[in-house]
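Working notes, structure below.
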4 protein chains.
Amino acid sequence: METEDAPLTEVGERRIEWAMRSMPVLRAIGARFADTRPLDGLKIAACLHVTAETAVLVGALKAGGAEIALAASNPLSTQNDVAAALGGYGVEVHARAGVDIETYYRHIHRALDIGPDLVLDDGCDLVNILHTERVELLDAVTGGCEETTTGVIRLRQMTAEQALRFPMVAVNDTRTKRMFDNRYGTGQSTLDGIVRATNMLLAGRTVVVAGFGFCGRGVAERARGQGARVIVTEIDPVKAVDAALQGYEVLPMADAARAGELFITVTGNRDVIRGEHLAEMRDGAVLANAGHFDVEIDVRALEGMAQEVNFGVRPYTDEYVLADGRRLLLLAEGRLVNLTAAEGHPAAVMDMSFSAHALAVAWLAEERGRLAPGVYEVPAEIDTEVARLKLEAAGIAIDELTAGQADYLRSWRAGS
Amino acid sequence: METEDAPLTEVGERRIEWAMRSMPVLRAIGARFADTRPLDGLKIAACLHVTAETAVLVGALKAGGAEIALAASNPLSTQNDVAAALGGYGVEVHARAGVDIETYYRHIHRALDIGPDLVLDDGCDLVNILHTERVELLDAVTGGCEETTTGVIRLRQMTAEQALRFPMVAVNDTRTKRMFDNRYGTGQSTLDGIVRATNMLLAGRTVVVAGFGFCGRGVAERARGQGARVIVTEIDPVKAVDAALQGYEVLPMADAARAGELFITVTGNRDVIRGEHLAEMRDGAVLANAGHFDVEIDVRALEGMAQEVNFGVRPYTDEYVLADGRRLLLLAEGRLVNLTAAEGHPAAVMDMSFSAHALAVAWLAEERGRLAPGVYEVPAEIDTEVARLKLEAAGIAIDELTAGQADYLRSWRAGS
Amino acid sequence: METEDAPLTEVGERRIEWAMRSMPVLRAIGARFADTRPLDGLKIAACLHVTAETAVLVGALKAGGAEIALAASNPLSTQNDVAAALGGYGVEVHARAGVDIETYYRHIHRALDIGPDLVLDDGCDLVNILHTERVELLDAVTGGCEETTTGVIRLRQMTAEQALRFPMVAVNDTRTKRMFDNRYGTGQSTLDGIVRATNMLLAGRTVVVAGFGFCGRGVAERARGQGARVIVTEIDPVKAVDAALQGYEVLPMADAARAGELFITVTGNRDVIRGEHLAEMRDGAVLANAGHFDVEIDVRALEGMAQEVNFGVRPYTDEYVLADGRRLLLLAEGRLVNLTAAEGHPAAVMDMSFSAHALAVAWLAEERGRLAPGVYEVPAEIDTEVARLKLEAAGIAIDELTAGQADYLRSWRAGS
Amino acid sequence: METEDAPLTEVGERRIEWAMRSMPVLRAIGARFADTRPLDGLKIAACLHVTAETAVLVGALKAGGAEIALAASNPLSTQNDVAAALGGYGVEVHARAGVDIETYYRHIHRALDIGPDLVLDDGCDLVNILHTERVELLDAVTGGCEETTTGVIRLRQMTAEQALRFPMVAVNDTRTKRMFDNRYGTGQSTLDGIVRATNMLLAGRTVVVAGFGFCGRGVAERARGQGARVIVTEIDPVKAVDAALQGYEVLPMADAARAGELFITVTGNRDVIRGEHLAEMRDGAVLANAGHFDVEIDVRALEGMAQEVNFGVRPYTDEYVLADGRRLLLLAEGRLVNLTAAEGHPAAVMDMSFSAHALAVAWLAEERGRLAPGVYEVPAEIDTEVARLKLEAAGIAIDELTAGQADYLRSWRAGS
């Protein structure tokens with residue numbers, strides 16, 4: 001733990017305790033792990049957003065017997081107080097908000113120094129370094145989990161090139177994660193970040209959402225739910241038709257650029273908003289990114305076009321003044337606006353994806369040595385178990401199949 | 001074609017022509033088939049809802065060179081005028097609205113008499129009969145398509161029992177079909193059927209939707225979009241959490257039964273509303289089914305509880321008077337309310353699933369002899385092609401990947 | 001009663017009985033009237049849509065002691081079976097579906113022949129004739145009620161010109177009527193009529209709603225609730241801003257004409273869609289009117305532009321083929337699509353406005369001779385009473401002011 | 001101006017400048033005022049939330065020639081930096097965040113010391129003091145404006161008691177204010193405040209909204225738009241029916257208390273959530289007020305029931321631990337959560353109500369001496385003018401009445 005900020009610890013502890021209140025499922029799993037110790041003797045290197053919710057996950061894994069070294073998966077998202085508090089709990093933490101890119105990578109190396117049996121990643125940077133710069137550690141690694149869509153894309157590419165050396169569970173691809181975390185978590189927190197940064201009225205605003213995956217859908221729904229007129233851009237025809245049938249206007253970015261007042265990228269791809277689009281935008285247009293990496297808005301092009309930049313006209317809001325006087329407002333430097341300008345996903349939603357994460361780690365530990373390198377889905381039972389615990393915690397009862405119904409589903413002979 | 005109603009033919013032709021206006025994708029595929037003749041010399045036995053939209057599909061397959069015999073997949077859904085018109089187009093049709101169950105099955109046998117190379121099914125009744133009562137025809141069959149969730153469940157069960165003798169494409173499982181047909185088609189047409197039958201105000205009504213699959217989601221969204229308060233029942237914890245996070249109240253049916261004013265079953269399972277639930281319902285409660293088979297509401301239990309039945313108090317609406325005076329209203333005898341009391345899915349939505357269907361048939365014809373028995377997904381390219389044609393027809397342009405973006409997606413080395 | 005259709009009577013009775021089920025408030029008021037006889041000895045001439053719901057209103061007034069003569073307020077909306085049934089109940093009915101304009105006006109004259117003490121109007125035609133062609137009856141009339149926005153506009157104009165000779169209660173202007181009937185009733189039934197006529201998919205459709213009054217808002221909400229992309233046109237800047245802040249795109253009709261696939265007029269004004277707009281529309285555009293009179297779409301201009309008209313391509317759907325081959329589809333001849341192609345407002349919503357109507361008639365009877373000519377609002381107590389009865393019928397309990405709260409609202413001295 | 005914080009001035013200036021970007025209508029009015037000087041020589045005492053948006057209003061009035069003294073209308077809502085900046089602009093400001101109640105009232109007295117010709121109020125405290133403690137100033141006052149529903153209720157009561165001594169314009173009652181500010185402004189900012197305070201996930205949360213006036217409707221819409229399940233409580237049957245028809249569950253607070261997870265009061269009345277309700281709530285329930293005064297939640301009852309209070313478990317969040325261990329979380333001490341925990345209404349929405357405010361002040365100045373004491377509505381032309389300017393600023397064109405249409409609306413003779 002590099003930060004010394006003693007007084008922070010208490011603030012961080014309070015923040016973690018607050019998150020725990022909204023994470024009853026992970027609490028229950030942590031309690032179970034404390035009994036069963038499924039991770040006894042295992043070392044874990046983790047590269048995750050260092051937030052209060054992550055701290056609860058790390059706590060559950062530690063309760064299960066693991067020794068853990070944690071680096072940040074994004075230079076801007078670290079909550080320093082949480083980092084401090086985690087250090088106090090005996091977790092090795094290498095993270096500080098606002099570090100430069102060299103420090104960022106150095107932190108990942110320090111986490112890897114633990115010599116991991118298992119790895120947890122959020123964007124695939126740690127796994128990448130492991131396969132390129134720390135190959136000496138590869139033999140000891142028996143598996144890992146990846147949290148994001150972006151990371152899973154990279155892992156599948158590594159698999160295709162036969163570069164991946166151990167099994168990775170795509171925590172991102174669980175129904176639990178995609179349906180809840182991506183859709184509801186990203187949806188709410190992205191708009192929360194934008195409103196905190198700008199205090200803009202969303203009602204009546206023309207909002208362009210680039211990308212209609214689970215995250216994009218969530219952002220579009222929440223923007224519409226706040227009264228915005230939402231335009232969607234896509235490259236996948238199926239998703240584009242889906243957006244249209246949900247009543248969104250679907251346009252290519254070249255046209256959307258002229259219509260929009262607020263742009264939110266959430267595609268997992270780079271250069272979604274480029275110079276040619278920036279050149280068409282209205283005075284006062286606001287640019288925000290909710291995709292994992294800060295590559296979706298071509299910030300360099302924006303810098304090149306600006307005559308003048310006024311940093312911090314509002315918190316996390318920089319104003320780029322173009323030659324013709326138009327002003328474009330870039331939020332959070334084009335990095336994840338929900339983690340930077342707000343507090344990331346609410347704990348209640350992280351409760352589900354981190355619970356799946358925790359159970360996936362336990363499953364990996366159990367299957368150790370039995371899985372070939374490659375990308376694995378989270379076993380469906382884990383999803384169901386997490387959802388079941390969630391309903392229980394929320395006090396929601398549901399129906400169960402009767403014997404007759406179960407028979408019916410098994411039979412193909414009954415007909416019209 | 002058993003019906004002789006000459007004057008119907010013209011009505012049916014007009015209806016088919018109307019459907020064609022909203023089916024530009026299938027029209028384009030039909031035109032392409034007329035050129036390429038991918039089905040030349042093949043015989044197809046089909047068991048489908050005999051509606052105007054089906055007629056357009058059949059027309060496209062015929063244009064591709066197939067010879068076709070068609071039976072109805074539901075005794076109540078046949079549009080007699082369309083059946084008449086199809087006869088006029090040289091298609092062998094065995095279907096008439098309102099026939100009894102023996103005639104229904106006899107019609108399927110007549111369609112099978114063609115000695116099919118390929119089969120099209122909607123609910124798996126034809127495939128079922130083929131494997132149980134017409135096994136002599138099995139050798140000639142090289143594959144088929146199944147349209148519904150219900151049918152696919154039956155096919156997977158047959159595969160598990162090694163009973164299925166040829167490859168079946170689960171047209172139902174395409175993104176195109178599930179996202180659009182199940183969600184938007186079933187959503188709109190189910191409520192349309194209920195309103196036509198009852199003219200009830202949906203605003204402010206407490207609607208219980210049993211099942212939160214794609215169809216159930218569509219029904220719930222449309223009910224909410226009309227101002228109803230929607231309660232969802234489920235057996236799958238993951239779907240139940242999803243429903244809750246979309247703001248629906250989630251209850252077991254035992255509790256929902258007391259709260260609901262309108263019940264819509266759309267689960268694919270039987271006895272979802274049972275005697276124990278009927279016993280708890282309010283006076284005036286309305287019962288409708290949007291699942292494929294008429295088994296979701298236990299109509300026999302309802303009959304057993306009724307002191308008196310007033311058939312036809314409104315079109316497609318029967319009133320069951322219970323011993324204590326409460327009146328329960330059953331729509332469409334518990335059969336598919338959207339096909340019975342309304343006109344089924346709008347042509348625009350069938351355009352997409354039937355286009356996938358047509359392309360899947362062509363794919364099957366091409367792959368003839370190369371596929372083992374089992375359930376196959378529609379190749380993803382077909383989905384994308386259908387969606388692409390749909391956007392084109394709607395005049396919607398979307399973005400394309402730049403070379404740089406395609407590279408980015410392929411690379412796993414670029415990082416934070 | 002001019003129609004002789006004996007067998008219709010029973011159909012009509014069943015329809016009225018069905019409506020009564022959803023009209024518990026009006027039933028309760030009818031029962032109260034039967035006791036108190038507030039209309040004993042009074043003669044009422046009414047010009048209303050002759051529907052099942054109107055029959056329940058007429059029944060309540062009759063129970064209150066009134067003698068009633070009823071004419072239709074729209075040549076297309078009469079339900080002949082209901083007219084027949086009402087005749088059987090001893091009400092004088094002058095109405096038949098599809099009569100020509102002379103017969104329509106003759107029917108109003110026949111209703112006036114009763115020599116009314118009170119009048120009920122829906123669009124102001126009866127009051128208009130009374131003031132222009134039947135002035136000999138004016139002295140006896142002590143007041144009346146008007147049901148529509150359109151009618152109230154005409155009454156206010158008459159008042160401004162000092163032409164109105166007796167007090168008229170603007171039933172339309174109650175909160176009960178505007179909020180519920182206009183918004184929820186017109187909203188649902190307009191789209192219901194359009195779907196019955198065309199079976200079009202609303203999801204993804206670009207719908208232009210002309211007018212954003214209470215009715216227009218209702219139509220826009222329901223269209224959006226079905227997945228449509230909604231564009232609003234307005235002439236009032238305040239309503240236009242409201243529409244924009246609710247997330248609708250706001251355009252002048254000249255621009256909306258190019259974008260729309262379905263047009264719904266609901267303004268209360270004439271020539272909202274004119275030749276210049278028709279000239280810009282896409283092939284296949286559908287035109288429907290939900291405003292009271294058939295003047296909102298310039299049908300004559302459409303006829304003038306058409307090379308060919310195909311009547312009845314679907315029920316209530318006529319196709320106008322323009323010189324360049326584009327086809328425009330006019331629903332219900334430009335008349336009220338919800339009453340013509342569907343069944344008008346659901347009974348549950350009419351329950352509230354007709355209950356206010358019934359109580360307003362009783363109030364007028366009581367205030368007889370005390371009110372100067374002019375347009376009156378329904379007393380607020382009537383609104384509250386109707387809503388109270390509605391909640392009671394629905395089994396919904398609400399809070400009541402505590403004594404301390406009532407004091408607080410009365411006091412202006414308590415502060416921050 | 002009591003605060004000396006020199007460095008604050010610049011922060012405040014930047015904040016005001018930011019607000020001005022979203023207030024094009026008020027900017028345009030300010031420019032017009034600078035030309036026409038409608039307030040030349042007039043002194044104004046204002047009691048308003050001291051925020052950046054208010055600063056823009058004050059700037060417009062100053063541009064019009066007025067001399068202004070400003071006090072805060074709420075002890076918690078003052079933005080100290082804005083207060084500092086306003087001082088720099090030559091406005092007399094008496095306001096500081098977090099002052100005690102004596103200081104709060106002292107500040108109002110200081111503002112009144114200016115000897116006002118006109119007054120601006122927000123909640124009626126200044127007018128109240130003027131009529132009770134500063135009667136010597138009354139003769140000089142020729143009129144004023146009141147911003148809130150709460151204040152207007154108090155003014156109407158004063159009028160009923162013949163206590164009010166000059167004309168007050170109910171700025172709150174404009175369509176512009178009620179439709180936009182109350183509904184969209186309060187809706188967004190209330191949930192924004194709650195999320196900033198708690199970072200809770202709104203999707204799937206059971207939210208109880210007490211009060212279904214314009215503000216309550218806005219809060220309910222935004223909560224639903226974020227995925228919450230919304231329950232409404234009301235005392236007015238008409239509003240309760242409206243809520244039910246919009247698909248909300250309507251319950252008395254006694255029942256809602258058991259079901260809710262988040263409670264938001266927005267009624268304008270006191271003791272809406274009382275001890276009897278607090279006693280029934282779930283562990284973890286969150287209590288927030290969006291009504292003008294901090295009387296809607298009975299905080300004293302809560303204090304009396306708590307065994308322990310943990311202040312600041314999150315920003316603006318205090319935890320009350322009850323005897324049985326349940327924890328209730330009170331936000332912003334029961335004061336306006338949107339102004340306290342967030343930044344109040346976004347500038348874009350204040351642009352409209354403050355523009356109406358500014359034009360109303362100019363109208364009052366013009367009508368000086370011609371209006372009797374009492375509550376006046378804002379002239380309808382002002383509403384229309386504000387909306388017109390708003391559309392212009394947003395680049396939205398709308399239709400205008402044709403001559404034929406204007407005639408049609410004037411005529412009552414044209415019929416069916």
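Note: Cβ is positioned from N, Cα and C throughout, glycine not excepted.
Sequence-distant neighbours of B:Asp122 (substrate binding site) (same chain, six or more apart, CB under 8 Å from its CB) are B:Cys47, B:Leu48, B:His49, B:Ser73, B:Asn74, B:Glu146, B:Glu147, B:Thr148, B:Gly151, listed in sequence order. The substrate binding site annotation in TrEMBL covers B:Thr51, B:Asp122, B:Glu147, B:Lys177, B:Asp181.
What TrEMBL records for B:148-150, B:Asn182, B:211-218, B:Glu234, B:Asn269, B:290-292, B:Asn338, B:His345 is NAD(+) binding site. Remark: B:Gly213 (NAD(+) binding site) has B:Thr149, B:Asn182, B:Lys239, B:Val266, B:Thr267, B:Gly268 as non-local neighbours, by Cβ distance under 8 Å and separation of at least 6 in sequence.
The annotation domain 'S-adenosyl-L-homocysteine hydrolase NAD binding' is assigned in TrEMBL to B:182-344.
Among the binding-site residues B:Lys177, B:Asp181, B:Gly216, B:Glu234, the ones whose Cβ sits under 8 Å from a Cβ of chain A are, in sequence order, B:Glu234. Using a 10 Å radius centred on the Cβ of B:Gly216 (NAD(+) binding site) and all shown protein chains, the other Cβ atoms total 29. Closest to B:His345 (NAD(+) binding site) in space, going by CA atoms and restricting to the binding-site residues B:Thr51, B:Lys177, B:Asp181, is B:Asp181. If you compare Cα positions, B:Thr51 (substrate binding site) sits closest to B:Gly291 out of the binding-site residues B:Gly216, B:Glu234, B:Gly291. Every protein chain considered, the tally of other Cβ atoms within 10 Å of the Cβ of B:Thr51 (substrate binding site) stands at 24.
Around the Cβ of B:Asn182 (NAD(+) binding site), a 10 Å sphere holds 24 further Cβ atoms from the protein chains shown.
DSSP classifies B:Lys177 (substrate binding site) as helix under the three-state reduction. The Cβ neighbour count for B:Lys177 (substrate binding site), using a 10 Å radius and every protein chain shown, is 27. Between the alpha carbons (Cα) of B:Lys177 (substrate binding site) and B:Gly216 (NAD(+) binding site) lies a span of roughly 14 Å. A Cα-Cα distance of 13 Å separates B:Gly291 (NAD(+) binding site) from B:Asp181 (substrate binding site). A gap of 21 Å separates the Cα atoms of B:Glu234 (NAD(+) binding site) and B:Asp181 (substrate binding site). Taken over all pairs of the listed substrate-binding residues (B:Thr51, B:Asp122, B:Glu147, B:Lys177, B:Asp181), the Cα spread reaches a maximum of 18 Å, rounded to the nearest whole number.
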